[in-house]
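Worksheet: the structure to be examined is printed underneath.
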Amino acid sequence: MKETSVLTIQNLKACVNEFEVLHNINLQIKTNETHVIMGPNGSGKSSLLKVIAGHPSYKVIEGKIFVENIDITQATPEERSNLGVFLGFQYPIEITGVNNADFLRAVYNQKRKKQGLKDLDPLEFLEILSPILDLVSMDQTFLHRNLNEGFSGGEKKRNEILQMILSKPRLAILDEPDSGLDIDALRSISEVINKLRNQKQCMLIITHYQNLLDYVIPDKVHIMDHGKIVETGDVTLAIQLKRKGYKWIKQSTN
């Protein structure tokens, strides 16, 4: 059976404040695949994610973006979200006065509303949420805290992945989920990501370092530099990068 492409990017060029930041990007992620994008600071990794998510500061000047054959190039962020695009932030924000449980239930009920289903009350939602808490190694005390307030880096990342699971996205985009984590938190987050891969979640992950790939083995690795994808391969590409550094990529593409 032919695999469906969840994300297709064709000849994409984009700018911010009239400055072109992405140049002729081509990318295809098929059903159940996990792709990783790496690159030095300023290479265009985060810009690509923001363009996929529909950030209003970024303008597509050429090319197309498709999610399961639906053209989202000019779609609003809300429309992209409704089509199943989830973007996890590198630094999840803290919101004082917003209970974590209420926020998560609002996320889930919004998804149900789009499907024409009634809202779940707190007890009904807890039945849905409990096994997901186990999946991401979070206990129910997290539910009674303000959103991300006082959370460690690892707790913030797990909480965001929890939001992702509740959203049931077609494509989950994670911006440096390993950022600021110690080795134990990195292992914990990697374990959660691998559990989701086993459940056939399609993911695009941005990372600056190779450490995450010691625990998560992607289907493809893409290297970006100066707003372009300059190399594509499997995880051995990341291993070479760790050994030789980004200067090796610059030399090999010159």
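Each position is counted from 1, following the chain as shown.
Glycine is treated like the rest: Cβ placed from N, Cα and C.
Annotation comment: Swiss-Prot describes 7-251 as domain 'ABC transporter'.
For Gly39, Pro40, Asn41, Gly42, Ser43, Gly44, Lys45, Ser46, the entry in Swiss-Prot reads ATP binding site, with the evidence type sequence analysis. Non-local contacts of Ser43 (ATP binding site) by the CB criterion (under 8 A, 6+ apart in sequence, same chain) comprise Met224, Asp225, His226, Gly227.
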Per DSSP, three-state class assigned to Lys45 (ATP binding site): helix
Site with most surrounding Cβ atoms, counting all protein chains shown within 10 Å, from the binding-site residues Gly39, Pro40, Gly42, Gly44: Gly39
Environment of Gly39, Pro40, Asn41, Gly42, Ser43, Gly44, Lys45, Ser46, the listed ATP site - residues of the same chain whose CB lies within 8 A of the CB centroid: Ser47, His208, Met224, Asp225
Most Cβ neighbours inside 10 Å, all chains, among the binding-site residues Asn41, Ser46: Ser46
